[in-house]
Amino acid sequence: MKGRPNVLAIVLAGGEGKRLFPLTEDRAKPAVPFGGTYRLIDFVLSNLVNSGFLKIAVLTQYKSHSLDRHISLSWNVSGPTGQYIASVPAQQRLGKRWFTGSADAILQSLNLISDEKPDYVIVFGADHVYRMDPSQMLDEHIASGRAVSVAGIRVPREEATAFGCIQSDVDGNITEFLEKPADPPGTPDDPDMTYASMGNYIFTTEALIQALKDDENNENSDHDMGGDIIPYFVSRNDAHVYDFSGNIVPGATERDKGYWRDVGTIDAFYECHMDLISVHPIFNLYNSEWPIHTTSEGNLPPAKFVRGGIAQSSMVSSGSIISAGTVRNSVLSNNVVVEEGATVEGAVLMPGVRIGKGAVVRHAILDKNVVVRDGELIGVDQVRDAQRFKVSAGGVVVVGKNQVV
């Protein structure tokens, strides 16, 4: 857009991610590796950067070392025009306490807003997999004249009970914001679909500051953006829904247009990986017109297949070696080794994993640097797996970081 206003983007990256345990045992949820070479936070940061928003504060808290390191190594966009992507930990500016909720995180970081003096503040989550052009949402927010716009994705009503749900009128004004309702509202044009909140918001700055200060003094508040701040604006008839289905990203196909996944559970995380590996994937990582950025792999050699090693319907990242082993329907991160006679099927292997000779790994997620001994079986005997590892409701076996099994 011409004459773009001053915008500050705040990414909420302090999530603990308990439902992704043990993948979050030693790292914040946005730092969890994803898709072979990425981390979850790379998706929101790529969307913002590709859209031209280059003043970004990433608010961190929970076990943030690997996240902070990733941002400093992969996202150095500083320049003479004041652009930056900065990791901002909890600083206890309002007393000796950590962030008590997502709204409190922004309240404690109001100095960032004071320094930048933005016209609008983008507040996005850090742990979803999707492509989006936020500038289109900003344009619609400005045109709406409302204090806040909430990105909504259309989902079938029967699936919407797990989300914050938006009821709106035909003009996009939000009339009610419901947290995980038993009977989700339909959209104005389709009673069988519901607007689920994506956790992405754009605020007019003055209105956001006032809402945060009012919320601070509310003893009954949980200080949560979705649970408290958005209803605050809805009650004042000052909230607008942005229909994500209208967001057109360059290079998107009809197959992956509107793709958005909340990967907050092991099963959702696993299924999202499986979305990547079909011939015509539901979510296409190879869209060069709207790339997902991350650390360069320039110092790693290409993946190598030797002694008859094969990979079918899989993604195999740089530095990996398949030596007389077989990989099917799987996603392998950097520096994975699959040895002679080993079989990996329907698995997600994170960096540095070693699969020993004759071992079998099926329907599993193996975190960084896991070593599977020769002849070991994972994902074959559910009873034995449950005695040793976490097994999700969908039967996905998860082996935590640095284990030798």
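Here the Cβ of each residue, glycine as well, is placed from N, Cα and C on the backbone.
Summary of the site annotation: Swiss-Prot records alpha-D-glucose 1-phosphate binding at Glu179, Lys180, Ser197. Screening the candidates Gly145, Gly164, Gly172 against this entry identifies Gly164 as the one listed for that site.
What surrounds the alpha-D-glucose 1-phosphate site, by Cβ distance within 8 Å of the Cβ centroid and not counting Gly164, Glu179, Lys180, Ser197, is the set Phe163, Cys165, Phe177, Leu178, Pro181, Ala196, Gly226, Gly227 from the same chain. The secondary structure of Lys180 (alpha-D-glucose 1-phosphate binding site), as reduced to three states from DSSP, is coil rather than helix or strand.
Around Ser197 (alpha-D-glucose 1-phosphate binding site), the C-beta neighbours below 8 angstroms that are at least 6 residues distant in the chain are Val150, Ala151, Gly152, Phe163, Gly164, Cys165, Ile166, Phe177, Gly226, Ile230.
Counting every protein chain shown, the number of other Cβ atoms lying within 10 Å of the Cβ of Glu179 (alpha-D-glucose 1-phosphate binding site) is 13. There are 11 other Cβ atoms within 10 Å of the Cβ belonging to Lys180 (alpha-D-glucose 1-phosphate binding site).
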